[in-house]
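Q: I am attaching a structure below and will ask some questions about it afterwards.
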Amino acid sequence: MLQVLYEIPGTGIRIHGFGLMLFLAFLAAMNLSAYLARRSRVDPNDVFDLALWLIVGGLVGARLFYVVQHRESVDSPLDAFKVWEGGIVLYGSGLGAAAAFLLFWRRRRFPFAPMLDVAAPAVALGVALGRIGCFLNGCCYGDTCDLPWAVSFPQGTLPWMDQVRSGLIDQAALRSLPVHPTQLYSALDGLILAGLLLAYYPLRRRDGEVMALLAVTYPITRFLIEQLRDDEGAVFLGMTISQNGSLLLMLLGLAAWAWLSTRPKGRYADALVAAPASSSRA
């Protein structure tokens, strides 16, 4: 892990690994969405404008959920705004971004379902890069294990403090016990899902299918990875908040997929291509 990548001499300004990866995730996701938008005849300017709304809504939702879930880790009201130091909840980010998406759509009236499909692979890519930031920050860590690729975190980090509180290690220990690098599992998961969604994108039969596919597949992998994490306790039905959220999202994804399957086949971009041809024949 590497919480602080660089400190500008004489200024006290620090470049945090988590904040940098969050920034890179935003840039990568935005540009991937714009690329897909151009291929799908969706206005890329709408993508760039929407991205600003999503980043604000996503960060507010992510941080709000974290503060509610981990109130003991927030020492002052100002700490709630220190997103660059880590401490966000991904499903909170999703809810905040969804609210921002709907608000911006009411203002701009862009093609709703095609924009969701444009965003889906970018969301998976953003998750992958963001989870690397989690690894650098030392949050979202896994349970203890003795696997060859297990990692231990230095003194003062979240895994180390949690193991001290649990009596697994002494306060004099310089590093935590080896744990599952669940952040890297999640990063790999995000990359695989991004590849899957990009492969399915040109094969989609109806607008909205790509986002529905993400809503079904991501919760499955997230639920499984959550089994290996050690930073959340069970809250309902013996499952963590994220596992309960995963089940709910998967059900919504399946419902969306079932509804889409009843709709006529056809895509927004194909309709735009066909319209000029039909008018010229007339």
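Cβ atoms here come from the backbone N, Cα and C positions, even for glycine.
Take a look at what TrEMBL says about it:
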- 15-35: transmembrane segment (TRANSMEM)
- 47-68: transmembrane segment (TRANSMEM)
- 88-105: transmembrane segment (TRANSMEM)
- 184-203: transmembrane segment (TRANSMEM)
- 234-260: transmembrane segment (TRANSMEM)
Q: In the same chain, which residue numbers or ranges, 6 or more beyond the ends of the transmembrane segment (88-105), come under 8 angstroms Cβ to Cβ?
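A: Distal contacts: 49-50, 53-54, 56-66, 69, 112, 115, 119, 127, 130, 241-242, 245, 249.
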Q: Residues of the same chain, at least six outside the transmembrane segment (184-203), with any C-beta under 8 angstroms of its C-beta?
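A: Sequence-distant neighbours of the transmembrane segment (184-203): 36, 117, 120-122, 124-132, 134-135, 140, 142, 209-210, 213-214, 217-218, 221-222, 225, 228.
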